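Undergrad: The following block contains the structure, expressed as structure tokens.
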Amino acid sequence: MQTLHCFYRLYIRDPNEVLSFDVYVCVVQKGYQETDSVISTVTTKVKGFAYTNTSDMDPRMWDVADYVIPPQGDSSFFILTNLVVTPEQTQSHCPELPNPSTVCKDDCDCIEGYNDPRRNGIRTGLCENFSTTVKTCEVFSWCPLEVDTRLPKKALLAAAENFTVLIKNSITYPKFNFHGRNILPHVNSSYLAHCEFNRLTDPDCPIFRLKRIISEAEADFQEMAVKGGILGILIDWSCDLDWWAGKCLPKYSFRRLDSQNQDNDVAPGYNFRFAKFYKRADGVEERTLIKAYGIRFEVIVFGTAGKFGIVPAIVNLGAALSFLSLVCKKKKYYIKSKSGDAQNLTVANIFIRCPLLQTGLC
């Protein structure tokens, strides 16, 4: 049910004259309409490639199979922009990374079988040399252990800013049997092969360049790509179906969703780990562990449609007439001056909120 804000402007030339009313109703909300909420489905397809050549990795060409993880998401997609790689890990024994809880002097400091979920493995009960100056408790784990402090200061896949994403969005308002797509009727394959979303020159194109998306969200791609983040692609399908249905078009906006509180920057960005497993010639299982940093794009579709309904129109008109009949019983209005004398009110502007008319008024 909709709450209505009504505006009544009363003109009173003389207390004995009949009041004349200019009643402005449903300025913001249309009380004569039935409404329905959007039902939506979204699919995405990312395109682009990047080349890297660093001291930690061999020269490599990255394509969509490498940097979109997972290949399909639920109204979202993730673009890998930075990573820490720990290659050739095997299940074996190795000293823990130095930490106040792992540094030891002898075996007595290391409890066999102890498992701290914030560390890297199960302790063997031995105190081993981590370096020439530091000894730590040995663990059974995937060794060598990951050192995630070696994150590149510049995003490894900085070229990802030029990747593009095709967003296909289909919606329906079941109450009104209305269906729509963000790929509009005039869009064909030839157009899609060359278009790119631009709010001023090409607002109908469903293909977006990642750098433009993040720029419109008032963020910097290269800064965001180092430690990752979450960005919302908002598609608004709010429509007035009393007008031509062809006017019901999607409206795009973009917003960064992860916290940007400068006073509390603990655990910033967005990251997760995954591994690629191999079998060596000697039968030993081996893996490459990847801590992936990147940008997760959430496609958020929302909207409400309204259309004329005879029932709400009659109900609200009847309520309006009943309310106005009470107002019109008084023909004289007086206002007291500061001295307490009564003066005739020549013009009064009265704003009234109608809490009883919860469905609106028209």
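Positions of Cβ are set from backbone N, Cα and C atoms, glycine also.
TrEMBL annotations: computationally assigned, not manually curated.
What TrEMBL shows for this protein is this:
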- Lys45, Val46, Lys47, Thr164, Asn271, Phe272, Arg273, Lys291: ATP binding site (BINDING)
- Cys94-Cys143: disulfide bond (DISULFID)
- Cys104-Cys127: disulfide bond (DISULFID)
- Cys110-Cys137: disulfide bond (DISULFID)
- Asn162: N-linked glycosylation site (CARBOHYD)
- Cys195-Cys205: disulfide bond (DISULFID)
- Cys239-Cys248: disulfide bond (DISULFID)
- 308-328: transmembrane segment (TRANSMEM)
Undergrad: Between Cys104 (disulfide bond) and Cys239 (disulfide bond), what is the CA-CA distance rounded to a whole number of Å?
TA: 67
Undergrad: Ten-angstrom check, please: count other Cβ atoms within 10 Å of the Cβ of Cys143 (disulfide bond), all chains counted.
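TA: Here the count is 19.
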Undergrad: Could you state the CA-to-CA distance between Asn162 (N-linked glycosylation site) and Lys47 (ATP binding site) to the nearest Å?
TA: 9
Undergrad: Taking the Cβ of Cys137 (disulfide bond) as the reference point, list residues of the same chain whose Cβ is under 8 angstroms away and which are at least six residues distant in sequence.
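TA: Those within reach of Cys137 (disulfide bond), by Cβ under 8 Å and sequence separation of 6 or more, are Pro95, Glu96, Thr102, Cys104, Asp109, Cys110, Arg123, Thr124, Leu126, Cys127, Glu128.
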Undergrad: Need one number for the ATP-binding residues Lys45, Val46, Lys47, Thr164, Asn271, Phe272, Arg273, Lys291: the maximum pairwise CA distance in Å, whole number please.
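TA: Comparing all Cα pairs, the maximum is 24 Å.
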Undergrad: Whole-number answer please: how many Å between the C-alpha atoms of Lys291 (ATP binding site) and Cys248 (disulfide bond)?
TA: 43
Undergrad: Given the disulfide-bonded residues Cys94, Cys195, Cys205, find the one whose Cα is closest in space to the Cα of Arg273 (ATP binding site).
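TA: It is Cys94, whose Cα lies nearest.
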Undergrad: I'd like to confirm something. Which of the recorded positions, Lys45, Cys94, Thr164, Cys248, Asn271, has a Cα closest to the Cα of Cys195 (disulfide bond)?
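TA: So, of the listed recorded positions, the one sitting closest to Cys195 (disulfide bond) is Thr164.
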Undergrad: Of the recorded positions Lys45, Lys47, Cys143, Cys205, Asn271, which one has its Cα closest to the Cα of Cys239 (disulfide bond)?
TA: Cys205
